[in-house]
């Protein structure tokens, strides 16, 4: 311990005075020719010879002279190495270095000038540093072994884990009930007597957990839910829980409490199942005609449930059918209105044809009998004309016509549309060709006609913007023809 204290004092002297190890308060270094001092050498040998005796040397901070080179220099009798300048010192002056890390700080001069004792000391130091490094590595390995990393899962493991989670927590809607949430299935202990007929319903196609699926046979009426299914030994297997598939070839599902329940019933795949068609208490049929009358919908409603009847959306075919029906009714209504509108026009055409054929008395009578002139002529206003009798004079009186028109059918006058004008010349008859009097001219149109003529003048008695003048009176009747009268108006006919 005294040697260590002396070495520490020398280090302080070298640090602050910058002198050699031999200059100072410490003992002077012996000359090469002189004998070693007996009082100081044995303690150094005892210190150097026992490096592994458990004594530890305090490690100096970075920037100070290492202790081991100083001790080696003291033992060899050579001057101690000068301290390194501050510029060459490590950057971290406050960090603590391990014994193994302090070895590179040794000066190469001290290594070259050291004798066998210093070599042995360096070997012991290297051994101690290697042991400390091994201990530090072992401690680091032990500390690293204490930290456990999470296992890395592959894609297959991820899928398997997700599948397990989904199996534990299946997807369901808001009001959906899972199989394990349904009430338990009642145990059926029904055995049919021998006199009751059994018919094959189908064959067990698959067994899925607690469900048994039966594929029905062809040419059989479909049975409804709650129908009791029997085995070949006439014992009841269970009731139909659900039906799916086409109507002509449905699939029936039997529900049990567990797979052990199915095994206790002795149900196996490819086994034929039966039903009792004559037992109304055990068999319920599905009437397909009634199903066709019901309106169904494949659209999902709230929470993936079936929509109520008021929220059903029917197919496009039904909408198209309704649209065609509405269009057909509209077309029929238009045709009806058009036929009612064209009836007066047809009468007017007949009047026009009869007017052109008035040269014959019979045609004249036929043309004016049972005719209705709605566009300007009315049966109520004009009486039937008799054969050979001219109309009375008061018929052509304008005052009488005005009073009759205004008091007869005022609404018809307002509703009559504007019609084109048909100017027909009055016929000229030769009195020598007709033994009878000529037919009277056609009655004039009423004063309410809506068309205008270039030379039209307002009637003096009517305050109407468009009115026709009164027709001229018929020509006076000529005297009867005579053979001796040469002053006849018409002259002889040759």
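Cβ atoms are placed via backbone N, Cα and C, with glycine included.
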Region 'Disordered' range according to Swiss-Prot, out of 192-243, 244-295, 296-347: 296-347
429-461, 462-494 - the range that Swiss-Prot marks as region 'Disordered': 462-494
Counts of helix, strand and coil residues, the compositional bias 'Pro residues' (467-482), according to DSSP: 0 helix, 0 strand, 16 coil
